[in-house]
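Structure first, then comments.
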Amino acid sequence: MLRKLILITVATVFFACQLLVNPVSALELDEESRTVQYNEQGDEVVISIKEAERGKRLFNDTCAQCHLGGVTKTNPNVGLSLEALERAEPPRDNIAGLIDYMKNPTTYDGEIDIKEIHPNTVRSDILPERRNLTDDDLEAIAAHILSQPKSPRKQWGDGKVYN
């Protein structure tokens with residue numbers, strides 16, 4: 001009887017773990033989902049599956065502490081949804097805009113420099129993980145952020161964005 005109980009418990013745990021483990025979401029993105037705006041002029045790029053996976057890994061390592069799921073923990077009013085990024089000043093709904101923001105962060109309205117309090121590549125003492133990020137790394141992170149709202153599996157950045 002005890003042996004049956006142990007076997008059932010092990011089987012239950014095994015199958016429960018299978019349900020909890022998600023497949024790699026970058027692989028689920030089709031070409032349309034991987035097409036993101038590159039600059040304010042509207043040029044677009046299609047990121048490869050490999051770039052999408054790299055961007056996801058870098059985002060999880062350096063940004064997800066505060067932006068898990070595209071929500072901003074320190075200010076839930078402003079997330080990383082395309083709508084919120086588009087309304088920022090200057091707009092951050094493109095790769096070039098996000099790279100500029102990651103290097104030189106400003107408030108949502110673009111009025112105040114927040115390098116002293118927001119992680120960036122200039123002041124890596126705030127978040128040491130950003131110390132060695134290259135422009136290619138920042139581009140991969142930006143592409144990941146911009147492709148996530150197009151993912152059919154999950155919501156991204158659905159914080160409180162006021163009209």
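Using the three backbone atoms N, Cα and C, a Cβ is placed for every residue, glycine included.
For the recorded site, HIS118 (heme c binding site), the DSSP three-state label reads coil. Feature annotation from Swiss-Prot assigns heme c binding site to CYS63, CYS66, HIS67, HIS118; the stated evidence is sequence analysis.
Marked as signal peptide by Swiss-Prot: 1-26.
HIS67 (heme c binding site) falls within a helical segment according to DSSP. Its Cβ taken as reference, CYS66 (heme c binding site) is surrounded by 14 other Cβ atoms within 10 Å in the chains shown. Apart from CYS63, CYS66, HIS67, HIS118, the heme c site neighbourhood in this chain, defined by C-beta within 8 angstroms of the site C-beta centre, holds ALA64, GLN65, THR72, LYS73, PRO119.
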